[in-house]
Amino acid sequence: MASESGQTPNPSWFTPKRLLLIFCIINMLNYVDRGAIASNGVNGTLATCTESGICTGGSGIQGDFNLNNFQDGVLSSAFMVGLLIASPIFASLAKSHNPFRLIGVGLSVWTFAIAGCGSSFDFWSIAICRMLVGVGEASFISLAAPFIDDHAPAAQKTAWLATFYMCIPAGTALGYVYGGFVGSQFNWRVAFWVEAILMLPFPILGFVIKPIQLKGFAPLESKQTLASVETNVLETGDDGILTEDQASSIGSKSVSKFWDQFTIFLKDMQELLLDQVYVINVLGYIAYNFVIGAYSYWGPKAGFNIYHMSNADLLFGGMTIVCGILGTLAGGLFLDRISSTISNAFKLLSGATFLGAIFCFIAFLFRSLSGFVVFFSIGEILIFITQAPVNYVSLRCVKPSLRPLSMAVSTVSIHIFGDVPSSPLVGVLQDHINDWRKTSLCLTSIFFLAAVIWFIGIFMKTVDVYDNDDEDRSAATRGGKLTPLLEGSSDKSIQV
């Protein structure tokens, strides 16, 4: 079927709310996995012996593979290595391949890698599988937010992003509880196998359902047509076989096409790195994520040691899921209420992070568990207010065709300079001073640095370029604003 305008009908199965729901479930599963591997039930403990010679066997991954704290922290970083390498690649491929199909590819890798984690037999096998999990998640992280930004109602864009990013704290917290339960009742390997089963329908959906396009990208059909025309330019001989010169010409064109794509990538990267608003936003996000990454990985273990929590997974999970949902949704709704602008986003980022840092810092000074829970909960609510605004800035300070790369570079940066080094470094610091309270206070103080960086962004000249025409958009999409692809075709004349 084709419309008179030459475009295929838009997919009818997807609606904006249905797309948001599916992406939220996928995002939730991604972060359930991160919470589960950090939980005491899955992560476990080393075997210990008292001075009297009474020994207690180890448990979980750490106990089974006899990992020290540094190796334990490396498991978190191994995941990030795959994410960092693959994110820019998927973002670049979005210009030549349908982004929705790329998500399906990534989720397929994620599913098989998670199953591999459950079947690992030593430190290196699970570290490699964790790296592949990061590769699988990279496509989704880079491309999901631009899809949501395209199809959310104009007055609720930040609220929709907040709903999506709410799955980060909620999923991590649920992962703590899930990992603690499954690890104690069954085995840590079961936790990974169940995750793989739950994710399996979504990569299948990514390949079966008709794909959708992003604003600022040429429709897949126009690219296929162009490729077909270029191929037909090379005429074959009477026997239908290419001559040596023609084969050589095809090889040269392939190399030239690859070089052109690489040149475009470098040009896009240069444009991002010269955007001062984008750079300031990412720098603040790096400092913020340095703390959040270490919190999410070491939080249950620190709480267990400082306050002797018998149910650290459940308590940290409960606090994080409630505070994460409240804070993330509040941030999105509040920014929409005061007008979603980049300047207002920076004000919210700086103020909420500064206040949240104060409450979290004071929380670790309390000797009583009740005082810690009250102040840390308030601090978490304030800290999670940042989730929607920081990603709103990354999406809106660049032109539409740069949004996947913007999200990819942001993701790479906050991990490679943030939570990739933070988990092992906190492990090293704790091994050195052997005091989880002091370690937690040192870590929390970095929130103040994030607040200062975002405060600088308030005074910068900011422009929302979401509706700017991209010079690299194809003729097929340059004739005006794109019709939202989830709402069905506005052309009633369909030819069969």
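Cβ atoms are placed via backbone N, Cα and C, with glycine included.
Since we're looking at a predicted model, the values are computed, not measured.
Over in TrEMBL, the protein carries these features:
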type     : residues : note
DOMAIN   : 19-469   : domain 'Major facilitator superfamily (MFS) profile'
SIGNAL   : 1-34     : signal peptide
TRANSMEM : 74-93    : transmembrane segment
TRANSMEM : 100-117  : transmembrane segment
TRANSMEM : 123-147  : transmembrane segment
TRANSMEM : 159-178  : transmembrane segment
TRANSMEM : 190-209  : transmembrane segment
TRANSMEM : 277-298  : transmembrane segment
TRANSMEM : 314-334  : transmembrane segment
TRANSMEM : 346-366  : transmembrane segment
TRANSMEM : 372-393  : transmembrane segment
TRANSMEM : 441-460  : transmembrane segment
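Between the transmembrane segment (277-298) and the transmembrane segment (100-117) there are fewer than 3 Cβ pairs closer than 8 Å, counting only pairs 6 or more residues apart in sequence, which means the two stretches are not in contact. Using a Cβ-Cβ cut-off under 8 Å and counting only residues 6 or more beyond its ends in the same chain, the transmembrane segment (74-93) has close neighbours at 34, 37-38, 61, 67, 102, 106, 126-128, 130-139, 141-143, 261, 265, 293, 297, 404-405, 407-409, 411-412, 415-416, 419-421, 423-424. Between the transmembrane segment (441-460) and the stretches 123-147, 190-209, 314-334, 346-366, it is 346-366 that has the most C-beta pairs under 8 angstroms. Between the transmembrane segment (314-334) and the transmembrane segment (100-117) there are fewer than 3 Cβ pairs closer than 8 Å, counting only pairs 6 or more residues apart in sequence, which means the two stretches are not in contact. Using a cut-off of 8 Å between Cβ atoms, the transmembrane segment (100-117) and the transmembrane segment (190-209) share at least three residue pairs, counting only pairs 6 or more apart in sequence. If you look at the transmembrane segment (372-393), the same-chain residues 6 or more away from its ends with a CB under 8 A from one of its CBs are 145, 157-159, 161-162, 165-166, 168-169, 277-278, 281, 284-285, 288, 292, 306-307, 315, 319-320, 322-324, 326-328, 330-332, 334-335, 340, 342, 345-346, 348-349, 352-353, 355-364, 366, 407, 410, 447, 457. For the domain 'Major facilitator superfamily (MFS) profile' (19-469), the model gives a mean pLDDT of 79.
Under 8 Å from some Cβ of the transmembrane segment (190-209) lie the Cβ atoms of residues 11, 13-14, 22, 25-26, 29, 32-33, 36, 41-42, 100-101, 103-105, 107-108, 110-112, 114-115, 117-118, 178-179, 182-183, all in the same chain and six or more residues away from its ends.
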